[in-house]
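Contents: one structure, followed by commentary.
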Amino acid sequence: MDGNMQRFRPELPVLVSLALVALMRLHVSFVRYFDSDEFAHLHWAWLIAHGKLPYRDFFYYITPFFQWSMVPFFWLPPDGAVLILIRIWQFAVLGASAFLLYRITRQVTRSHFTGLLSAAIFAAFPMNFDKTVDIRPDMLMMLLYLVAVFLILESGKNRRALVLSGISLSTGILLLPKIVFAVPAIFLLGIMSHPKGILKRLGYVLAGALVPVVIFAGYLSATNLTGAAFTAVLRDSVAVNAGKQAFSPWKALSPWPLVYVHAGGPSFPWYVNSGLWTLAAAGLFGLFRKHRRFANFLGLYYLGGVIFLFGFPAPYLQYFLPLSLFASMLAASAIADLLNLVRNRLSPALSLALLLTLLTVLTASFRIQYQERVASGNTNDEQMGVIEAVLSVSRPDETFYDMVGSYVFRPDGYIICCHPYAEFVHLLSTKPVSLRESLIASQTRFVILDRTGVSLWKPLPDDLRFLKTHYLPSRIWKLYTPGSWFACSAGTCHWYDMEKQLVSPVPATSFDIVIAESYTIAVSPPEADLTVNGRPVSAGPVRLEAGIYAFSADNSVQNFTVQMAR
């Protein structure tokens with residue numbers, strides 16, 4: 001029996017667990033609903049792909065590197081399938097990150113098994129679930145950082161590897177500057193790994209790091225965006241985040257709803273998450289005994305990461321992604337040490353049983369989270385329906401608005417397309433026109449209220465009043481179009497908003513049209529008489545230009561609707 005155990009490859013069950021998690025992740029990429037941040041990144045990429053310039057043509061406060069990476073997808077015909085393709089690309093980025101983590105762990109620990117286990121833990125890490133599925137720059141940022149770490153470890157005297165590591169590190173920082181906390185750690189790693197000729201090696205790294213900076217500076221200069229970009233990134237980004245609610249990073253480690261399971265409270269995935277962080281702490285201490293140089297790198301890395309978390313306390317789980325990635329490596333190292341101890345002091349069979357138990361726990365935890373993400377009500381069916389409706393009912397040049405960007409493939413009715421602008425618009429370096437003015441000027445015919453949009457529906461009070469009083473639910477799923485609704489009694493009518501709330505106690509004798517279009521005036525009951533500007537209302541669409549229209553209703557009119565005929 002012991003002979004069979006010795007011949008058994010412990011990598012096999014790890015690969016099985018990794019494959020199962022990968023298949024579940026791939027399925028989630030196809031069906032899970034799109035987060036509001038995903039729509040923002042997707043819509044910005046679509047705008048850039050169609051010739052719009054960030055900082056000038058639409059409100060933007062980060063660098064466009066992540067959007068540039070998605071531009072080729074938006075050269076395809078507009079369709080919801082494009083969004084799924086980008087989700088699959090994000091899955092590939094995750095897979096590449098897991099592979100590099102495996103390679104780095106294998107090099108540091110000299111163990112193929114520990115490397116595979118680190119990849120399996122990272123793939124199933126409970127805290128990472130949603131943020132590694134989402135279309136967001138964090139995962140690509142980490143992939144580029146891992147590339148830089150890998151090249152530093154492998155470089156030796158290879159100048160090309162050093163230049164490429166600088167390019168990768170700099171691109172990652174420009175993609176998402178939050179990784180800047182880890183720059184001192186990677187320089188320390190380079191110094192400790194190859195102390196001889198460090199200044200020359202550092203020169204190659206810095207030369208590579210300048211390449212993306214020069215490219216970006218050239219782009220800004222060629223498009224005359226340098227001043228606007230600096231203002232947006234250095235000032236407006238602060239304004240955007242100033243409106244966010246303070247958040248303790250400790251909450252992310254508590255049984256917080258939406259992170260592990262939707263019900264909240266202690267759950268199996270939360271216990272697994274807590275166990276992995278505990279093992280990671282033990283693994284860091286163990287690594288100091290076996291590979292002090294890399295342990296020093298991780299010590300400085302985590303010091304910078306923790307300072308960053310508490311220095312910028314915001315409710316963003318993705319801020320933990322850089323920490324949980326290397327925590328997977330450390331937890332794998334601790335588990336490998338434990339398994340070796342059990343095998344050497346007790347028995348190989350017990351070591352194998354412990355490994356299988358740990359992998360079962362890890363996979364079962366992931367499956368619990370997976371089942372919630374693919375359950376009815378958490379899928380993207382509704383959002384894909386909105387995309388289909390947008391493409392079918394509107395022309396490519398017609399503007400939309402929903403504070404989320406869920407229409408993706410259409411231009412915006414407001415310069416701030418993808419944020420609850422009321423939180424920060426008063427703090428911006430240049431205050432844009434009001435939402436009301438912009439929607440009228442752009443003749444925005446469509447407003448979307450979907451499951452994501454509702455949660456962010458926080459316009460300024462005057463803008464919200466305008467939206468509620470000048471748009472109504474259309475016959476098309478989730479789309480609201482220009483219109484007004486009136487309830488009448490004995491010839492006296494009152495104006496009601498889209499939620500059937502009374503707009504004013506004063507009887508209405510006119511309605512205003514702000515979007516010139518063909519409208520249908522539907523009277524209930526149909527045989528009742530209603531006149532508009534002295535003319536009886538007839539069946540069928542009628543062209544109405546912007547302006548005020550007087551109406552008169554006879555005593556039999558119960559209600560009537562004026563709404564865009566689409």
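Cβ from N, Cα, C; glycine included.
Note that the structure is a prediction, hence the values are computed from the model and not measured.
Residues or ranges marked as domain 'Glycosyltransferase RgtA/B/C/D-like' in TrEMBL: 82-217. Here TrEMBL flags 12-34, 88-105, 111-127, 139-156, 162-190, 202-222, 294-313, 319-342, 349-370 as transmembrane segment.
Long-range contacts of the transmembrane segment (139-156) within its own chain (CB-CB distance under 8 A, at least 6 residues past either end) are made by residues 66, 69, 90, 93-94, 96-97, 100-101, 103-104, 107-108, 131-132, 162, 164-166, 168-169, 171-172, 175-176, 178-179, 182, 186, 189-190, 193-194, 201, 321-322, 325. Ranked by number of Cβ pairs under 8 Å to the transmembrane segment (111-127), the listed stretches 294-313, 319-342, 349-370 are led by 319-342. The DSSP breakdown of the domain 'Glycosyltransferase RgtA/B/C/D-like' (82-217), given as helix, strand and coil counts, is 122 helix, 0 strand, 14 coil. If you look at the transmembrane segment (88-105) against the transmembrane segment (294-313), you find fewer than three C-beta pairs under 8 angstroms, all six or more positions apart, and that falls short of contact.
Between the transmembrane segment (319-342) and the listed ranges 12-34, 294-313, 349-370, the one holding the most Cβ pairs under 8 Å is 294-313.
Against the transmembrane segment (294-313), stretch 162-190 shows more Cβ pairs under 8 Å than any other of 12-34, 162-190, 349-370. Within the chain, the transmembrane segment (349-370) has long-range Cβ neighbours (under 8 A, six or more residues past its boundaries) at 1-2, 5, 8, 10, 13-14, 16-17, 20-21, 24-25, 27-28, 120-121, 123-124, 126, 129, 260-261, 267-269, 272, 335, 338-340, 342-343. Nonlocal intrachain contacts for the transmembrane segment (12-34), taken as residues 6+ away from its ends with a CB within less than 8 angstroms of a stretch CB, comprise 42, 83-84, 87-88, 90-91, 94-95, 98, 113, 116-117, 119-120, 123-124, 132-133, 135, 355-356, 359, 362-363, 366-367, 370, 373-374, 378-380, 382-383, 406, 451-452.
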